Amino acid sequence: MQNSLFIKAAFSQPTHRPPVWLMRQAGRYMKEYLAIKEKHSFLEMCRTPEIAADVTMLPVDLLGIDAAIMFSDILVTAEAMGGKLRFENGAGPRFDNPVRDKAGIDALLNPDVPEKLGYVADMIRIVKQRLNGRIPLIGFAGAPFTVMSYLVEGKSSRDFKITKQLLHNEPALAHELLSKIARVTTDYLNMQIEAGADALQLFDSWAESLSWDDYREFAHTYVSEIISGLNRKDIPIISFCKGSSVFAPLMAQAKPDVISVDWNADLAALKRSLPKGIAVQGNLDPHILYAEKRVIKERIYRLCDSMSEEDGFIFNLGHGIMPDMPFEHIKYAVDLVKEYKWQK
Ligand code: CP3
């Protein structure tokens, strides 16, 4: 796998073109996904290794991307700790027992990860067999702050009001909760490595809502703890956060191999500001995929051209594919990157 375009770029080695994969590359914009979803709930899909493996393989077979990402959700760690998780169609995740005080935090379990989340390891083994060395498989987990925000709010939030009240009023309690999540997450990612994941991505999707000081204290601390706790040999770690165009200097201190960047940043300038050896992933505005093909082409070339002086670039979106994006535009975007050649 060390010779794959994706792993080379993740370790900042030269490649003749950028590797490409897309966040949420398996999802509702694909009729093949919707056909599976008609028969099973989302959580059933995640929990059944054969089905999750089938869904993981959809974009491999239909888009020809350069890396697969396992099909699961960031909230399975919180569920393993005792969160009563369900997904409502259209309304996103819900926890029926939000965790907001000392009693709630004390009641959370310190689960035996292979026992509770072994279905993810089983799925990884199936996918690795099916990929048969063609492309790498990315495993992932939610970063503690983002997972905490769902456990505390009980659902998706726009302002994270209750989460921030806990951080600001009861920082010691917040740290207790974050430490518990970080421990489970480290075990969970180590289980994924053991099962065969070739790379790992940490999703701190909602850290963008934090101030610089709060990001450092409540998000960065735990991302660092997790990265330093991984038994990782040659496994690159990608650190994703919406807000990385601001927090990148701190994210770099946690020593990931790759920082995944939202679309607010000038990617080449951000790359040059990072310590040598940290690659970047991103950062096309996903909404470009709603535009006409000539615009998609112009923007993809502009982004790839801007990275021509840099080793260590993985093409991706700044955030995930949306369910109503045209499949044809997504395939067109992947093909464009695969045909692109740097004039180095
Ligand atoms: O990228 C991939 O293809 C891998 C699979 C993946 C999913 N969720 C599948 C999914 C990954 C990496 C995630 C991570 C995830 N889950 C994040 C971090 C990434 C990000 O988008 O910032 C977050 C915040 C979650 C929590 C979550 N799961 C939400 C908020 C939702 C609802 C979103 C919506 O649009 O309804 C989910 C559900 C979810 N996770 C779906 C998929 C394919 C949709 C489920 C469905 O089919 O209804």
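Just so it is clear, glycine is given a Cβ too, placed from its N, Cα and C backbone atoms.
Note that TrEMBL annotation is computational and uncurated.
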Identity of the substrate-site residue among Ser205, Ser209, Ser211, Ser273 (reference: Arg24, Gln25, Ala26, Gly27, Arg28, Asp73, Tyr150, His319, source: TrEMBL): Ser205
Average model confidence [pLDDT] within the domain 'Uroporphyrinogen decarboxylase (URO-D)' (138-154): 98
Separation of alpha carbons, Asp73 (site 'Transition state stabilizer') and Arg28 (substrate binding site) (Å): 14
Sequence-ordered recorded positions from Ala26, Asp73, Tyr150 with Cβ under 6 Å of an atom of ligand 1: Ala26, Asp73
Nearest-integer angstrom distance between the alpha carbons (Cα) of Arg24 (substrate binding site) and Asp73 (site 'Transition state stabilizer'): 10
Residue with minimal Cβ packing [other Cβ atoms within 10 Å] among the binding-site residues Arg24, Ala26, Arg28, Tyr150, His319: Arg28
Secondary structure content of the domain 'Uroporphyrinogen decarboxylase (URO-D)' (138-154), with strand meaning DSSP E or B: 10 helix, 5 strand, 2 coil
Whole-number Å value for how far Asp73 (site 'Transition state stabilizer') lies from His319 (substrate binding site) (Cα to Cα): 15
